[in-house]
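Among the features that TrEMBL reports, transmembrane segment is placed at A:6-23, A:30-48, A:54-73, A:85-107, A:113-134, A:146-170, A:199-219, A:231-250, A:286-305, A:311-331, A:343-364, A:376-395. Taken from TrEMBL, the feature domain 'RCK N-terminal' covers A:418-535. What TrEMBL lists as compositional bias 'Basic and acidic residues' is A:609-621. The region 'Disordered' annotation in TrEMBL covers A:609-636.
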């Protein structure tokens, strides 16, 4: 037990120290994790043998990441990108495989070994690339989106590779293995279907995939509702984890890629109103596990082999990057990806990926690649991943600036581009705000913590999500960084104040419009940093009061004038009252001074109302004032 | 002319209730915004609910030498908010009456856009009157408040020809410069139907200003 604590401490400490430094230096978190791994592994030997075991565990981070990626992609979007997926992604895998295999053949490797190596190196690192895209805000660029299609295609391609590689087994390696039962690391794979006939195997696979889709579609909602109604946040987290773990387990059991399975589940759930809540629950686990994965890559670098064959490994790594980047460049030209996007596309995917590790150890197990070659290749994969952040830095600091001149013509803000408004709370108040905005083509993201409310809104086709808006992570997934406005209309007074305090502090650029319950709450919201507040009952009460006056026989236009005057005086006095309130003692905000001021305001309103605007010109209320009687005699 | 000469300050009161459809007025307003001797007021932006702040408007009038109403011609008159502005701001004993001298000596001009062709705004056209004649209530308002009235600056067929708009913008700039530099001979233009005809004869002011 003590040992685990110590190891966990070392890993976490390394991350906590290295990652912030790396980020500060502009290297990105991935390089931070890798360096942390190198320091605790080959450099100081704080950790060692267990790295490989942990790596298998940390691969689950990749699984979670694909689940999150899936959540961002509704099936309709996936269908839209089918051409890029199979055209761009498919060609990338095939051409890279052929070229890398060709190089391996030059090194006088048997064709089967060369082909396996080609397949392994055709893959890129989904983890590093997506993480970096996210951090640098490149996800929505043309280069980023195309890179994403290629990564997706690669992840899909892993499945046929896993099926195909065993066929490349070298007879002499099999023989050697039979003589000496290798005790080296082996992937404990529990596989229920391995011994089934082909047709049954196919049925099992189809059933599993179908099951994920059907259950995800029909069962997830009642399940989430049931769990959400319990009101226990940790159980919702547990449910989200259960979902991902369950699907990963199912896929492993039938010999499919768990990452692909959870990706599929993510796509199925992409239209769910629980999407944001799921995202924010899985996100921290994904982040940590991915970090762990990168640390183990760093820690797993074998410096002995590296030192002995530094030149070969270095050249091989360089060759891999150059070959892959050239292939991608060619494809970018073919698919008309232009300017800086072409560079981004080519450089970002030029490394080998985490699936490379998986396939390498799988190839060794299946007697396709000899162990000594595999250990060298393992270093090439790691090193190429290690160099990726540097390629991104190259892109950012050398290539991007060259293209900046092209984009110096600023275009008008495209308001429809991202959801510019987040509405927290979609009860009786937020609903009306949302209807007005949506009717005018403003994109909104609506969050509400009441599942039944969200359900009702979905019935009338208002896009809304179940989620507690006061959770920072949920706000983050709702896109608070890029939002222009946050509208706070949640029913819990204290939470509204907390939310405003948090957002104003963390995202000062976001304008906050808030609904208050009464005067006191109004002031508290202002104090918390709201830019505009409105008392929820104020204007409707004013309307009703005006209606009452009309009913009583006042002329409607005069009523309108009185109402406006009332508002004006109230607004002018309100600021004064707020200052008074701010200065009031903590215990008694509505102190005697405040009360006095309030009564003064009421008095001035009364006076203004009673004033007959015919009798004298007065700044408070004028309009359509006829000149005095007999004024016409002054002319001529 | 030296750049140091004090320019007259222009107050541009722009009233357009349908700016998302504006083709000539908005460019004119944008152009005016770039000139430092023009104070520009988008009335429909400031008073979307037609509650005009009388004190503020009167203060603005006092602080400027030239008042321009800029508007699309609506039913032979100004859009409603600009009429509201007249009703409320031009008060007894401010703009007229025994103590109403606040506007005396200022210059007043309308800059308007009319959808109809110029030929329509003639005695024999379907509108029967010239724009100048149709604006007589404003002309008389200017008189009564002691302001010097200039013929309107007008564009006709304003929603039809693109090339005309470019020229109109150039004339607009010229007009604003000329007003500010006091280059317009009030007596010479007094009888014109529109002031547009007098503009080409004026020297190129933009170059003089430098």
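Cβ coordinates come from backbone N, Cα and C, glycine included.
Where the annotation comes from TrEMBL, it is an automatic prediction and has not been curated.
The stretch in closest packing with the transmembrane segment (A:286-305), judged by the count of Cβ pairs under 8 Å and taken from A:6-23, A:85-107, A:199-219, is A:6-23. It is A:113-134 that, among the stretches A:6-23, A:113-134, A:199-219, forms the most Cβ pairs under 8 Å with the transmembrane segment (A:146-170).
The recorded stretches the transmembrane segment (A:30-48) and the transmembrane segment (A:199-219) do not share 3+ CB pairs below 8 A when only pairs 6 or more apart in sequence are counted, and are therefore not in contact.
Between the transmembrane segment (A:231-250) and the transmembrane segment (A:54-73), the number of CB pairs under 8 angstroms, six or more residues apart, is three or more, so the stretches are in contact. For the domain 'RCK N-terminal' (A:418-535), the model gives a mean pLDDT of 84.
Taking pairs at least six residues apart, the transmembrane segment (A:311-331) and the transmembrane segment (A:376-395) share three or more Cβ pairs below 8 Å and count as touching. Within its own chain, the transmembrane segment (A:54-73) is flanked in space by residues 11, 126-127, 130-131, 148, 152, 155, 187, 244, 247-248, 258-260, 262-270, 275, 278-279, 282-283, 285-293, 295-297, 300, 354, 357-358, which lie at least six positions past its ends and keep a Cβ under 8 Å from the stretch. Counting Cβ pairs closer than 8 Å and at least 6 residues apart in sequence, the transmembrane segment (A:376-395) and the transmembrane segment (A:113-134) reach three or more and so form a contact.
Outside the transmembrane segment (A:113-134), and at least 6 residues removed from its termini, the chain residues within Cβ reach (under 8 Å) are 28-30, 61-62, 65-66, 69, 92-94, 96-102, 104-105, 144, 147-148, 150-151, 154-155, 157-158, 161, 164-165, 168, 170, 259, 290, 293-294, 320, 324, 348-356, 359-360, 363, 368-370, 373, 377, 380-381, 385, 388-389, 392.
Helix, strand and coil counts from DSSP across the domain 'RCK N-terminal' (A:418-535) read 54 helix, 26 strand, 38 coil.
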